[in-house]
Amino acid sequence: MRIGHGYDVHRFGEGDHITLGGVRIPHRFGLLAHSDGDVLLHALSDALLGAAALGDIGKHFPDTDPQFKGADSRALLRHVLAQVQAKGYVVGNVDATIVAQAPKMAPHIERMRALIAADLQVELDQVNVKATTTEKLGFTGREEGIAVHAVALLVRP
């Protein structure tokens, strides 16, 4: 068994939606990023890579590489899974916490879980996503961006 932790942050910028867990969520801002800015999938990818001792997403998908400009983070997550599987691991479970003052995540969490489970080739009950605020404290509380913490458990079958 191996565990990994991932953390990612993206700041808000111009836009009319954000993408989290593969779900497009209407919002008065977008997230600034080289890829599609899916901070949830980036944190999950880092957790999986960390658990398998494969580095981080910056190593695998550098923001200096034009090939990843606007990249679909679901495709990146599936690529990460393939690397993890190549080392003989399968996903035991993943758990993520979205830290954001807005928008409200509750209406979107079940769809996020379903998409993540599909991409990771696991059952829905092996994926947990939750959200919290910082009670208007810090950069997330001032609605300057979104942060996500994620953990992953990998097992060898």
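Cβ from N, Cα, C; glycine included.
Cβ neighbours within 10 Å of HIS10 (divalent metal cation binding site), excluding its own Cβ and spanning all shown chains: 20. The 4-CDP-2-C-methyl-D-erythritol 2-phosphate binding site annotation in Swiss-Prot covers 8-10, 34-35, 56-58, 61-65, 100-106, 132-135, PHE139, ARG142.
According to Swiss-Prot, the divalent metal cation binding site annotation covers ASP8, HIS10, HIS42. Long-range neighbours of HIS42 (divalent metal cation binding site) (same chain, six or more residues apart, CB within less than 8 Å of its CB): GLY6, ASP8, HIS10, SER35, ILE57, SER73, LEU76, VAL148.
As annotated by Swiss-Prot, site 'Transition state stabilizer' applies to HIS34 (among others), with the evidence given as sequence analysis. For HIS34 (site 'Transition state stabilizer'), the number of other Cβ atoms no farther than 10 Å from its own Cβ, over all displayed protein chains, is 15.
If you take the C-beta of THR133 (site 'Transition state stabilizer') and look for same-chain residues 6 or more apart in sequence within under 8 angstroms, you find VAL99, ALA100, GLN101, THR140, GLY141. As annotated by Swiss-Prot, site 'Transition state stabilizer' applies to THR133 (among others).
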Long-range neighbours only, meaning 6 or more apart in sequence with Cβ under 8 Å: which ones does PHE139 (4-CDP-2-C-methyl-D-erythritol 2-phosphate binding site) have? VAL9, ARG11, GLY145, ALA147
Per residue, counting other C-beta atoms within 10 angstroms of the C-beta, which of the binding-site residues PRO103, THR132 reaches the highest number? PRO103
Counting only residues outside ASP8, HIS10, HIS42 in the same chain, those with C-beta within 8 angstroms of the divalent metal cation site's C-beta centroid are VAL9, LEU31, ALA33, GLY37, ASP38, VAL39, LEU40, ALA43, ILE146, VAL148
Between the Cα atoms of PHE61 (4-CDP-2-C-methyl-D-erythritol 2-phosphate binding site) and HIS34 (site 'Transition state stabilizer'), find the distance and write it as a whole number of Å. 10
